[in-house]
């Protein structure tokens with residue numbers, strides 16, 4: 001494709017529709033018998049999104065591969081019963097309740113670090129951390145695998161560099177100075193080889209804890225810290241906004257397919273105070 005950037009200045013591929021051959025990629029990866037861990041956090045009212053997330057993932061996500069879902073929630077009893085395909089499994093992990101998204105962010109990195117250290121290192125090859133309030137609508141396969149993988153935020157991939165909402169306060173560990181940066185990465189998706197993701201979450205957790213000790217919160221919390229990490233630890237593969245679209249955005253010419261998008265909750269099907277209460 002000539003209409004979009006398909007390779008970064010440091011020679012990492014940017015994955016768009018029409019830039020990969022699914023048959024060829026599957027021929028390479030399926031012989032390796034790999035397992036992909038997929039973690040999602042569903043605290044509080046966010047458990048409502050799990051049914052759509054899991055059912056749509058079972059239609060589109062890593063088909064033909066071993067997939068193990070890890071669901072972190074404070075309501076294990078509310079995790080829906082979804083029929084999983086062959087070589088697919090699900091583990092529910094209990095987490096404490098919290099009323100602040102900032103605390104959930106800290107707990108997310110803490111729980112991921114512990115899960116990787118105690119289980120995933122010896123059980124899986126790759127992993128992705130995904131937001132639960134998303135729904136798959138197109139193919140997501142082995143073309144996304146890499147050592148360390150980030151996604152370009154759909155709100156900023158076509159905006160000028162100086163409009164990226166990096167954390168600009170030097171007091172925060174997520175600080176990125178003016179004039180620095182590559183892309184603005186979304187926080188809804190990150191992944192890669194287990195050992196590389198462990199390095200990422202360990203670093204971000206340390207930065208989040210330092211910020212908390214200094215009574216400062218980065219502008220976009222976990223996402224700000226991810227952008228700081230990826231500035232100094234370049235992703236080896238970048239996913240286009242096809243892999244993190246938003247339902248309220250109009251599809252534009254660059255986007256030939258929407259593979260996964262953020263879901264707008266149907267308030268007629270759930271508690272009407274869903275959006276009015278803080279997490």
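For all residues, glycine too, the Cβ spot is worked out from N, Cα and C.
Automated prediction, rather than curation, is the source of TrEMBL annotations.
Quick look at what TrEMBL lists:
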ACT_SITE  223  active site, nucleophile
BINDING   46  UDP-N-acetyl-alpha-D-galactosamine binding site
BINDING   133  Mn(2+) binding site
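Note: the Cα of the residue listed as 'active site, nucleophile' and the Cα of residue 133 (Mn(2+) binding site) are spaced 16 Å from each other. Residue density at residue 223 (active site, nucleophile): 22 other Cβ atoms are found within 10 A of its Cβ, drawing on all protein chains shown. Distance between Cα atoms for the residue listed as 'UDP-N-acetyl-alpha-D-galactosamine binding site' and residue 133 (Mn(2+) binding site): 7 Å, as a whole number. Neighbours of residue 46 (UDP-N-acetyl-alpha-D-galactosamine binding site), defined as other CB atoms within 10 A of its CB across all chains, total 21.
All chains included, 19 other C-beta atoms sit within 10 angstroms of the C-beta of the residue listed as 'Mn(2+) binding site'.
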